[in-house]
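Chemist: Here's the feature list from TrEMBL:
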REGION    1-63  region 'Disordered'
COMPBIAS  50-63  compositional bias 'Polar residues'
REGION    82-187  region 'Disordered'
COMPBIAS  83-95  compositional bias 'Basic and acidic residues'
COMPBIAS  96-105  compositional bias 'Polar residues'
COMPBIAS  119-135  compositional bias 'Basic and acidic residues'
COMPBIAS  153-167  compositional bias 'Low complexity'
DOMAIN    193-281  domain '6-phosphofructo-2-kinase'
DOMAIN    321-447  domain '6-phosphofructo-2-kinase'
Amino acid sequence: MQDSGELAALSAGFDDEGEGGTNTRTPTKKQNRNGMNGGRSKGQSHHTRSVSMSDFIGSSSPLSVNMLNQSLKTLIPFASTASEDRKATEQHQEENYLSSDSNTHSGDEVSRCSSRASSNRDEEEKDIGHPLEGSEREDDLSGAARRAEQRASSRSNSSSESTTSGGDSEEFYVSNPTPQIIPPPVETGAVGEKHVIVMVGLPARGKTHMARRLARYLAFFHGARTKVFNVGEYRRKHMSNKQCSSDFFDHKVEKNKKLRATFAKMAMDDMIQFLYEDHAQQQIIKVESLENLGQSAIVEKASQQHQHERHAIRNQQKGVDSGKVAFFDATNTTKARRKWICSQLEGLPLKIIFIESICTDEATIEKNIWDSKVTLPDYEHLKKKREKAYTDFKQRIANYEKVYQKVDEDNLSWVKLINNGQKVVINRIHGFLPMKMVQFLTNIHAFPHSFFLSRHGQSEYNKSLKIGGDSDLTELGEQYALDLGKFASEKICVDEETGEAKPARLWTSSLVRTVQTARHIPHPKIKHPETGRNEWIQMDHRIYRSLDELYAGVCDGMTYEEIEQMYPEDFQRRQEDKFNYRYPRGESYLDILSRLDPLVMEMESYREPLLIVGHQAVLRLLYGYFIGKKREDCPRLSIPLNTVIKLTPRTYDCEEERICLSTQISQDDGQAEPPSH
């Protein structure tokens, strides 16, 4: 601990600061780059001080512990807080300096004060065991020394400096000669490089369903640009339906085999063009087309250009415009076909993953044929003869079974999904996006199931035009809660064909208004679908905070009119880009996606109907995902009050039904946004 002499010496340096104050001259740009100026001695600080030691030294009373602690805080700025007393003391010191004659202080006197303060500071650090060393220690020194040094430096450079009294000095100038003008693209998300997903499997194994669902998920939740290239669609485009009978898929007929290869090449070319939409790739496609036509003379001349363009793609485009995922959707049942696919993509900077769907459950195959295959455009002419369409498709499967070779190539990256994800085998799968694909694929299935989306009943904040909050339901909201409980028990929890009870699920957010809306839904025990025992709790209530409404931050509890008046710039930005706009200290629609991602995974795995009682912003995103909307368009989708939206995802689309439970209750939530929204 310091004696009174040491503290008195320290006090002398701080008294000079109090009398002299800080220099009002601004350091030059050159000085800023050199750390205020080039003449600062080691150990001089740029920190300010909040307490003068003269408050403690010179008094007849002994130093107390509190007084000593206060004195140490003046030496260790990290130990003191920015209080109002500190600001008042500094302001007082500045005023004293401005009212004094600064010319009475010579440069030598100031230097002595600076050196004395710096020396005393070093001694004090030795006594208290200060943890700072090196550059950190140099940055944490006396404010008096800093301001004294500034005064001396400013006098020596007065001819090249100008006096300023504001905060627009060059001290705050930031040199940024090459700024980043274009921000990172939102569309690509965080999916990394390009991927090609090759579907493999016999017909009626859910390949197209998996490809479309996975493409939708990656686009909506991870911002990837995805597209499915179904070889069957190319065949239907160039051939009539009657030509696409099971005979066309007989591998013994060489003519049909070549035609199928032609359609596969068309899909492959379009897929590559989608992945690399530039002049270089167009040239590659052109050269490959000439090769296929057999024009040897032209091909030989163009082959060098062909190799050059592939080299350009590898070196110039890797990592640029990434985030594209293409799906090559066909049976691809032979090793020869899979080898051909790899040869077509050889040399391009992308990852190839094969996804094989295997199904040994005959009941599932039969259901898939009747649900989705007999209604294909291939059998449009047999619309009234579904039995004949069924028989023909079974023969098509038999033709593919004769040549089918399961994926077992060790050098390829592949995923095997057996019986709708009951068993999953992976080989050479690495990276964030491939593992997200595997996770998603293990949850989806081809069984039709429905989701029921409902907003909470009218809340007190709805009635008073406020957004957000955690208010109770109004009388109208309570009436809707009663209607929803009746609807759930009579429509959602009952099989439409048999009239018997069927298992169903219930989710709500953690906010009061959704919990109150769902409280009238009954929860009886019924037979479990797998065990057959009465142990399934009907509509077992699960509460997820991830389903909470978009948090409006500082605007929580305000009306849109109040937001426009208090935050006009934010209000305008929200109008321009409602999806990416984030409320001050709040959330954006894009933020909600991150917390909905794991919930959607679980939703995809369910086979029972699910009722979600949620909020407008969250339900907009869930609705937009299943219905196939662009995520940027979701913030303007209509999700009215007092309405249940039934969604049933299918392979090619999603069925939608809206049920208004009461025409006597207004669907207006009292939060009508401006017309521009």
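Placed from the backbone N, Cα and C atoms, the Cβ positions cover glycine too.
Could you place these features in context, so I can see how deep they sit and what lies close by?
Modeler: Residue counts for the domain '6-phosphofructo-2-kinase' (321-447) under DSSP, split into helix (H, G, I), strand (E, B) and coil, are 55 helix, 26 strand, 46 coil.
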Chemist: Could you count the residues of the domain '6-phosphofructo-2-kinase' (193-281) that DSSP puts in helix, in strand and in coil?
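Modeler: Split into helix, strand and coil, the domain '6-phosphofructo-2-kinase' (193-281) gives 57 helix, 13 strand, 19 coil.
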Chemist: Could you pull the average pLDDT for the domain '6-phosphofructo-2-kinase' (321-447)?
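Modeler: That region's mean pLDDT is 92.
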